[in-house]
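Chemist: Here's the feature list from TrEMBL:
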type: DOMAIN; residues: 16-431; note: domain 'Peptidase S8/S53'
type: ACT_SITE; residues: 25; note: active site, charge relay system
type: ACT_SITE; residues: 84; note: active site, charge relay system
type: DOMAIN; residues: 229-317; note: domain 'PA'
type: ACT_SITE; residues: 395; note: active site, charge relay system
type: DOMAIN; residues: 509-609; note: domain 'Subtilisin-like protease fibronectin type-III'
């Protein structure tokens, strides 16, 4: 992420001091050191919230507010009974906490993206899910299937927030890797997918034939001898329940003292599979991915020695078991390894576009760290302090972006939510640490519906050069253009609207920092307006990565700014080419990049083209 003590973004944004980050989740553990108020400044004078823990205006100077909108829980206070909310809050804005680790791994100093920002917590979820009424109530206080924006409580609450200058980021969802699986599609929301980081908690499966397959596990027992043990595949008799190591499935299988190969699936939690192996007397577990999960492995706090390996590794392990009458294996633990050159890789679970509700808006917008993220937890899993846990999901990537937005807002208090979003999107990385294209869970180049603009690049986002800005009222012609009624648009905007009096626009015409085109047989033209937030007297020239089977024309090809905050508009024409050039592609992608003559700025937006 490029965030280190003393580096420009943290130093220049004062680590988020004075910014309030609101988190709608499962509550919080207020006693965790990530949320200590010691040495923190008082909250801004504008803070009008309440802390239900203390029944005062604040809980402390860090955790300035905490309210519960889940009133049918075992306790009405916003305590975190799940852990998720504590984890996300500390990721976004947790304080510096030394000695953070899990089972001695990933040891170091934990910190949120905006460690000096204040936190306001709204408990709207509990173990059995999140409630629409609670979400709306939480968003008001802070100010499955896809829903139209006027029916979507998150979209409604988010619009009210951005109208009041509050930046909103939301998870894309964990329904990937299939297409059109994402949530939170509204253009006024930053929709965040999940990627890996360059740290692994290594646990490898070593076979009797000498082959070794790299995997992961947060639980790294020091007393497990790396001696080869008998290896058994729980599902070798064709019993799917045994293959998935379902609870009770191994009672009649001889796994005593053996290493057991289990498969991901069956709606059974990964740790529960290990518990079944342990209950049946197994010595260790190799957990293989399903095909759809590919190479995405997770570092879970398992209950026994275990290695979570890829689908391909699992297939080779099965082949080995079938090739010999006495297969053996063990698990090797190598602890924390830094420097995966393929990072960031899009996580298999990260939901993908295209956008269901508004196909003319490309989603997700961005990807950020969401795989095997270490952060605060309400209770200790390893009898260590401070209590931490390592979990995965777009719920982990979203607070990373929320914290980064807090830093940018501190550095640029006059920027709108749309300007902050644009800065994040147009400066994103499109390459991994090796300089190659970002990969997906199958280690193939990830497409634009997986990555959006790319992987967040906080340092560049703080000084983007140009931004694509959108004011709240700019959404009126866009929403009317979606075919919504006056009442439906009014529900979103919370004001009276007459679409008949509005010059409506096609959704792709919204001044969004991307293009999502549905291409037929005719040309399409749209404009974009950029605002200069870099130096005065700046000139930019366009560089275009033209999608396959599409011609593009951009006019003008050079933008020259005389002043800071000056706005200039350019026209983009998309022209279909011969269908035979498409091959078997149902969609293609490209980009438009404005590069300053000084070489200091590169402002890029992605393009997706779906062929009708």
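The backbone N, Cα and C atoms fix where each Cβ goes, glycine too.
Worth saying up front: this structure is predicted, and the values here are computed from it rather than measured.
Describe the structural context of these features.
Modeler: Cβ environment of residue 25 (active site, charge relay system): 80, 84, 85, 88, 89, 121, 122, 123, 124, 125, 395 lie under 8 Å away, each six or more residues apart in the same chain.
Other C-beta atoms found within 10 angstroms of the C-beta of residue 84 (active site, charge relay system) number 22, with every protein chain shown included.
For the domain 'PA' (229-317), the DSSP counts in helix, strand and coil order read 24 helix, 19 strand, 46 coil.
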Chemist: Along the domain 'PA' (229-317), what average pLDDT does this model show?
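Modeler: Here the mean pLDDT over the domain 'PA' (229-317) amounts to 94.
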Chemist: Please give me the CB contact count at 10 A for residue 395 (active site, charge relay system), counting all chains in the structure.
Modeler: 22
